[in-house]
RNA sequence: GCACCGAUGGCGAAGUGGCUAACGCGCUGGUCUGCAAAACCAGUAUUCAUGGGUUCAAAUCCCAUUCGGUGCUCCA
């Protein structure tokens, strides 16, 4: 069984990631809080987790992956209240949007998707286990808290030292309900007008941290192989999960922690006040392709802070076009039989370099480079007549390997953008869409094919003026025509 | 304030002690083409924020400085 080397936040170094039961890698990834549309920062994390699971499976290891949907929390309650709808109705819309966005970005569905509101009994049971050990305690208002003083290892993930804070010598007057300032909520007592559950703990709703502990354990057991999330979740969220789960089970909760670093947008932290905050849908409406967004967000390795810019989005678009053009060239066939040994060797080297790069802490940048090296070598061979059919078979095999992780070769972009436009129309936000986008997509494939055929006919009669007029006209609408030896092809820019 | 991370060509970005500093995009010239596009070829950082140090050897290790980022109340 193959393995990959992956940085482990817990040990602070690169360690081998492998399933402890030798059967399947059991992993948990913190999912979305469905109170709004997902932004590109959210998706950078989900995309890199997607890369991880694709790489693991490519190495022959099955994955058991759980993702939670947080469908009750402060922001949801606030927003649903403002909208005047029940929280279930409010979250349903954004959850559906979230899954549409995952599909647009070719992010695979985890094996288990679990709603917080469907696992309340599991959370209550976990809190009761902690209460039985006097680690959870009930405050005057009916909320339950975790007693951090009872978990000496608190801070081991984020490498924080809380000595002096948990002495108990000082008690914050404002926090009279809690025994210590750092203690965090496990269960929040009901407030007027809020959705609540009647349980043996009292009437209320779960805290955020307990959700993940309960759901990870429910589906994967007490000790799991890997837990992933954005870097900001390391503290306090993941630290609290460890405290809860390990206090309850008495065992190490997670062997391997993976944290994806934040991205910057145009050199700055993405925030609404900076005016550089983008959801996936914002970018689709601006005319950027879903495939380019995926490719860009995964091209920078997950442990590096990446700078998201519109220039680099265009770069990704062009890079994908190069890959797709090359892929089509290989699929077209018609190459002479046989095998060019030198190229075969290069193909094997590219495959090796690609595999090693990903196994080395998911170095997507190097993996990508290995593929482009192969593309250039094969294009050169094709141009000089050295490319043979057996080479093509090998090359397509490497491309499939590459696409098994990067998932950008299939062109679904027009359909995804159309869906985004339909959504914008339904939401009354069509004015946010780039005008040329609407024009380009209003042209059906059949319309374009007809015009392309007319141009080809004009060319045959050497009516180049007419042919060029059609080409320019289509170009104005964002459609690019390419004449090649084996016929005419077109694509949307 | 405390802690941590980063700074590589026009842009994005690999590389963390030793061949001519990957790869992509862009740009310039050439080949091909009716013209384009695609593709290929050639060129595009004597140099890796700045200063100092260690070493036979440093983008890579150490120190300082400057700048950028993150965490320190549930923001991926």
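Cβ atoms are placed via backbone N, Cα and C, with glycine included.
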Where TrEMBL places motif ''KMSKS' region' among the ranges A:269-273, A:274-278, A:279-283, A:284-288:
A:269-273
When TrEMBL marks a stretch as motif ''HIGH' region', which of A:10-20, A:21-31, A:32-42 is it?
A:32-42
Residues from the same chain, set at least six apart from the ends of the motif ''KMSKS' region' (A:269-273), whose C-beta lies under 8 A from its own:
39-41, 262-263, 308
Cβ within 8 Å of the mean position of the Cβ atoms of A:30, A:212, A:237, A:241: remaining residues of the chain near Zn(2+):
A:208, A:209, A:211, A:213, A:227, A:229, A:233, A:238, A:240
Please list residues from the chain of residue A:237 (Zn(2+) binding site) whose Cβ is under 8 angstroms from its Cβ, counting only those at least six apart in sequence.
A:30, A:208, A:209, A:212, A:229
Measuring Cα to Cα, how many Å separate residue A:241 (Zn(2+) binding site) from residue A:272 (ATP binding site)?
29
The motif ''HIGH' region' (A:32-42), counted residue by residue under DSSP: helix, strand, coil:
3 helix, 2 strand, 6 coil
